[in-house]
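Below you'll find the structure, written out as structure tokens, and then a few comments.
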Amino acid sequence: MEGLCLNSFTRVLLLLFVFLVFSHKWQRVNAVEPVLELVKGFEAKPDSSIDSFQPLLTDSNGNFSFGFLRVNGSRLSLAVTHPNLTDPLWVLDPTRSASWSHKTKLFFNGSLVIIDPSSRLEWSTHTNGDRLILRNDSNLQVVKTSTFVEWESFDFPGNTLVESQNFTSAMALVSPNGLYSMRLGSDFIGLYAKVSEESQQFYWKHSALQAKAKVKDGAGPILARINPNGYLGMYQTGSIPIDVEAFNSFQRPVNGLLILRLESDGNLRGYLWDGSHWALNYEAIRETCDLPNPCGPYSLCTPGSGCSCIDNRTVIGECTHAASSPADFCDKTTEFKVVRRDGVEVPFKELMDHKTTSSLGECEEMCVDNCKCFGAVYNNGSGFCYLVNYPIRTMLGVADPSKLGYFKVREGVGKKKSRVGLTVGMSLLAVIALVLMVAMVYVGFRNWRREKRVLEEDNGLSPGPYKNLGSDSFNSVEMSRR
């Protein structure tokens with residue numbers, strides 16, 4: 001009897017232990033509240049009731065969160081966010097996303113892994129760590145023991161650089177729309193615009209002044225880092241910067257977080273979080289017309305006047321309907337017109353290649369003979385000829401009539417669409433008219449058949465004109481009455 005009671009008590013303890021273990025694991029996996037670390041065995045799926053961001057992990061100060069970010073309503077990306085910042089500080093590969101559904105699963109097994117069979121997405125840190133943590137500076141890390149970092153998000157920036165984060169020559173900041181990027185050169189920071197699938201255009205450059213330290217050949221590439229004292233520093237070796245790009249908060253004691261973002265208009269802006277709001281702290285490009293494409297394709301940006309179209313005839317924002325892809329102007333199927341205009345200059349000309357010609361005609365001829373050339377801009381004073389070998393974007397409007405532009409404008413998608421639309425519309429009207437005609441003929445034919453059948457049933461008696469009263473059938477009726 002005592003053995004039976006002991007066995008029953010043992011079974012109860014075992015069941016209680018199993019329940020506690022599995023209930024603890026279930027709470028950890030499906031907890032709504034974010035935790036301070038994720039350990040091996042963690043799993044999570046997106047919650048269908050959440051419409052923006054589902055936090056899974058937070059830093060110890062509660063300023064940053066890591067979790068599922070809902071993108072375009074039905075898509076999902078892994079992201080690190082700040083509660084008072086509209087856009088995330090870090091996003092896992094913005095060119096790829098998973099579906100926001102129960103099929104998507106995130107887990108940590110030493111590697112951070114996300115799988116979505118429906119989108120054929122499978123990503124992993126390929127590590128063998130013990131924990132996933134979020135540092136107080138927003139750095140997401142896979143760590144082994146307490147000190148060894150096997151993977152960190154700071155090595156894979158998106159469009160944001162955070163205070164004290166190293167930005168190396170192997171990295172790039174990319175704007176959310178994918179059109180602009182920031183990279184390091186041998187002794188400078190450069191901003192680039194994607195002007196076609198094959199090429200990029202340099203549009204902003206900040207070279208190191210090398211006042212306190214010099215760039216040394218063979219000493220390795222430079223790196224950039226936001227200093228808490230309010231500047232973006234460039235370094236090569238040691239802690240002495242080869243350049244200091246000052247923010248508004250430069251050498252002012254502030255208690256907050258500094259970030260630098262490459263935004264969708266191509267500008268590089270710095271922000272300061274002071275504990276209550278984000279304040280603009282830096283702008284690389286101060287003038288609107290110095291941005292890479294402020295007015296759109298085939299347009300002019302004139303300082304103090306705003307945007308206009310190169311041909312002076314179309315509505316702003318619709319200066320052309322032409323495709324923004326490269327073209328072969330030597331192909332006979334490529335239709336285009338030529339627009340000439342004075343008071344035009346290429347933007348960021350200091351960063352563009354040029355050739356010297358003796359006349360405008362010679363400059364134009366160089367573009368005419370080049371099958372890939374979209375336009376040429378000529379300075380009659382210096383003789384500089386700038387060839388634009390990509391779809392025309394925003395040009396710079398100037399008051400100097402000696403600066404002349406020659407542009408090839410393709411017969412655009414809009415015109416072709418209008419022709420197609422007109423053809424479709426006319427065809428539709430013709431079909432409707434044909435259907436109505438057939439319907440009218442059919443109805444007329446049915447009425448004629450009906451009347452003919454009635455006449456045959458009545459032996460030819462039918463209401464008709466007065467002159468028919470003299471017919472043979474009518475006379476026979478009268479004779480019978482007599």
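Even glycines carry a Cβ here, placed using N, Cα and C.
Taken from Swiss-Prot, the feature signal peptide applies to 1-31. The annotation domain 'PAN' is assigned in Swiss-Prot to 330-411 on the grounds of sequence analysis. The disulfide bond annotation in Swiss-Prot covers Cys363-Cys385, Cys367-Cys373, and the record cites sequence analysis as its basis. Per Swiss-Prot, the feature transmembrane segment maps to 425-445; the stated evidence is sequence analysis.
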* Structure fact -> Judged by other C-beta atoms within 10 Å of its C-beta, the most isolated of the disulfide-bonded residues Cys363, Cys367, Cys373, Cys385 is Cys373
* Asked: With DSSP helix as H/G/I and strand as E/B, how many residues of the domain 'PAN' (330-411) fall in helix, strand and coil?
  -> 12 helix, 33 strand, 37 coil
* Arithmetic mean of per-residue pLDDT over the domain 'PAN' (330-411) -> 92
* Cα-Cα separation of Cys373 (disulfide bond) and Cys363 (disulfide bond), in Å? -> 12
